[in-house]
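Swiss-Prot annotations:
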type     : residues : note
SIGNAL   : 1-20     : signal peptide
CARBOHYD : Asn51    : N-linked glycosylation site
CARBOHYD : Asn76    : N-linked glycosylation site
CARBOHYD : Asn85    : N-linked glycosylation site
CARBOHYD : Asn149   : N-linked glycosylation site
CARBOHYD : Asn222   : N-linked glycosylation site
CARBOHYD : Asn279   : N-linked glycosylation site
CARBOHYD : Asn310   : N-linked glycosylation site
CARBOHYD : Asn450   : N-linked glycosylation site
CARBOHYD : Asn465   : N-linked glycosylation site
CARBOHYD : Asn527   : N-linked glycosylation site
CARBOHYD : Asn723   : N-linked glycosylation site
CARBOHYD : Asn732   : N-linked glycosylation site
Amino acid sequence: MRGLNLFQLILALLLSMVAAEDGYDGWLRYAPVSCDLHCQQALPSHVVLLNSTKGSPIETAGRELKAGFQSILSTNLTSRPFQCNSSASILVATLDEYRQRCRDINVPELDPDGFWLQSEGDTVRILGKDARGALYGAYEYLAMVAQRNFSRVAYATSPHAPIRWVNQWDNMDGSIERGYGGASIFFKDGTVVEDMAPVEQYARLLASIRINAIVVNNVNANATLLLPENMKGLSRIADACRPYGVQIGISLNFASPEALGGLNTYDPLDPGVIAWWQNITDSLYTYVPDMAGYLVKADSEGQPGPDTYNRTLSQGANLFARALQPYGGVLMYRAFVYDDNLNESDWKADRAKAAVEYFKDLDGQFEENVVIQIKYGPIDFQVREPTSPLFANLYHTNTAIELEVSQEYLGQQCHLVYLPPLWKTVLDFDLRVDHKPSMVRDIISGQRFNRTLGGWAAVVNVGTNRTWLGSHLAMSNLYAYGRLAWSPTDESEQILEDWTRLTFGQNHHVINTISDMSMTSWPAYENYTGNLGIQTLTDILYTHYGPNPATQDNNGWGQWTRADHDSVGMDRTIWNGTGYTGQYPEEVARVYESLESTPDDLVLWFHHVPWTHRLHSGVTVIQHFYNAHYAGAEAAHGFVRQWESLEGLIDRERYEAMRSRLVYQAGHSIVWRDAINNFYYNMTGIPDVAGRVGHHPWRIEAESMGLDGYQTYTVSPFEAASNTTAIITTSNSTTGTARTSIKAPSGVYDIGVNYYDLYGGQSKWTLSVGDKVVGQWLGDMEHNSLGHTPSIYLGGHSATRITFHGVGIRQGDQLKIVGEANGVEPAPLDYIVLLPPGLVD
């Protein structure tokens, strides 16, 4: 007994010595869990593989099981020749092979990729409908073991839909459009990279969440991918992914016959064009015999398409679909088609109507291997949108939902935003087609309209950063996407808790803290960026990152708010607006047509109302804006305190990396809060009843300080500076000093400095109080892997804050900041804030 206690003590000490990790293994860390001798003896000690050929998913399953048991339990699983009744073994096989070799087994009907998992102590059977399903079952069992779940189970599970793909927007030069985790793992300098190790690891992660295909290149495709040398490169990518049951697909440029093939047309009905594409497809399948198919973006945002020749979208899609049919390939055709030169003066103009207008009348005209890939909302991955009505308008056409793991409009992985609760607002939405239950999840699976093909696509955009997405916590979104694509009725919080256990361990405080932070994160981000259905009030013209609400209007992009001095919101009603509500089935349209029945969180999406309109909550629209933005920023600051409570419970490398992002998010949430509130206060003249907006008693505006070598600078947009003005050095190669006498009472304060970190320079600042240097820092965010879209301008994208905690000051002390310009960055400063510890200004 005493020996066992000593063993447990040593094991606990070893487990407490948290080793440094960089995130490369994601949720497949296979971290050790406690398992005493009795526990070990109750688990399998052998692995048995049936029909395991070299490079097959079943061989991969055996390798993963061995590696997992060794790492998790320090158990060496030995291979054993196949026997039907192997004891103390994990048996992995396809169901058909097992039935041929052994007795029949009572297993429920499985769909392709499905599996049966039976665990009875030291005997485990994993039977897949196919080899890929068997691999999925192995990962399922390993996930149980990694979470110290040794319970007896016996169940079958099949995928919600056959298509469970990820999209990468990787360019041939190695950049990634809307990617925030480093350069491409697939391409560099116009060709496919040599090193396939990251590709294999990515495929491994995807297989573990049951993703079955990757589209490896940008939807804004470069035709040079179709050159013979790049086809050879695609073959190497496919070879790296194949052992994990992950197929590859590619995006196509519609004009390739002209751009690459030397034809004078890309008309989809031209016989020469048809022959050219068939030849290209034949060649691709020579290099990649199991290629999943194509993804096409056409007639959208400058991309060529069939409309050039007055052909329909279905005629364009069918060109590729027919070329793929002999090989069983799928054509994913994006529904993201709209006019980006709309006339805002036309009250009826509405980009949100475009998808239904373009596709509804073509229903039933697409080939059976065409799937229309529909964004979850009718605009573009906003913080909240209503469900795209196109899902309700295609009875005779296969559909898939398009989600975005990459946080293009949602903080670009620099802000914690756990996305499944957002996705579930669409997946669980009942469109009531023909007055019958019509959940979006049942439409994309094919169940509602009796379609055999359909499913899921997500824009992921992993890169060479060891965290894959740039942020450790952002990986929860990729994990959850795979889980939901398999089983969309799973609860967001349960998925999150499973991911946390696999990624950060079994500590209950860690699990509860990360769960609470993450489940709060989307509402918080919505609060401080754009609420009531107004969309994300970011800069839609360039970065899609920082606040810039003015860019929503006065252009042809159609993401309008129609905000003015008196009122705000898009009137999308039938009776007085764009008629968008009429694209929904009758029961849904009736809800959104009425201001009284429209939920508050979408009121500005569907209705144009006075700023003084009272919501169902009883609060006016403008006051809701003010309140929500303050609440959101307060929540973001809470994330830092919550994360800091995990110090010592998470390895130092991941703890510090994530803490720095959360600190940044807290500061940037203040930038967002003030920019949006100041913009609309300036527009409406309606004050905040709580007296917060425009009143910051703890701040010292930089332009009010004594300046030497600094000059004032009027920031544009004005709301991106606390008092519309910042200071910059008089040249880009000089030093400036700003000083002031502290008027605050003596005491201990947190000193925050809001400044601008521009791309293309690394200014240096030194903060002093009295005769003591408080701290120094560099404007080097472009080099410290923060990863968001950079900016060379003073604005909401480059604005940020650094805080020095627990600084003792005396009233009358001189506060001084010395800024040394570098490159294009003139050491810009906005304001200093002196806060009693724990207060959010």
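Keep in mind that glycine also has a Cβ here, set from the backbone N, Cα and C atoms.
The model shown is predicted, which means the values in this text are computed figures rather than measured ones.
Each of the glycosylation sites Asn222, Asn279, Asn723 was assessed for Cβ neighbours inside 10 Å, and the highest tally belongs to Asn222. For Asn76 (N-linked glycosylation site), the nearest of the glycosylation sites Asn222, Asn279, Asn732 in terms of C-alpha separation is Asn222. The number of other CB atoms found within 10 A of the CB of Asn149 (N-linked glycosylation site), across every protein chain shown, is 14. Working note on the glycosylation sites Asn51, Asn85, Asn450, Asn732: by count of other C-beta atoms within 10 Å of each C-beta, Asn51 ranks first. A straight line from the CA of Asn51 (N-linked glycosylation site) to the CA of Asn85 (N-linked glycosylation site) spans 16 Å. A simple Cβ count within 10 Å picks out one of the glycosylation sites Asn76, Asn310, Asn465, Asn527 as the most packed, and that one is Asn527.
In the three-state DSSP scheme, Asn527 (N-linked glycosylation site) is classed as helix. A distance of 59 Å separates the Cα atom of Asn450 (N-linked glycosylation site) from that of Asn723 (N-linked glycosylation site). According to DSSP, Asn310 (N-linked glycosylation site) is assigned to coil rather than to any helix or strand.
Between the CA atoms of Asn465 (N-linked glycosylation site) and Asn222 (N-linked glycosylation site) there is a gap of 24 Å, rounded to the nearest whole number. It is 38 Å from the Cα atom of Asn222 (N-linked glycosylation site) to that of Asn732 (N-linked glycosylation site). Checked against Asn85 (N-linked glycosylation site) by C-alpha proximity, the glycosylation sites Asn149, Asn310, Asn732 yield Asn149 as the nearest. Of the candidate glycosylation sites, Asn149, Asn310, Asn527, Asn723, Asn732, the one lying closest to Asn279 (N-linked glycosylation site) when CA atoms are compared is Asn310. The distance from the Cα of Asn310 (N-linked glycosylation site) to the Cα of Asn149 (N-linked glycosylation site) comes to 59 Å.
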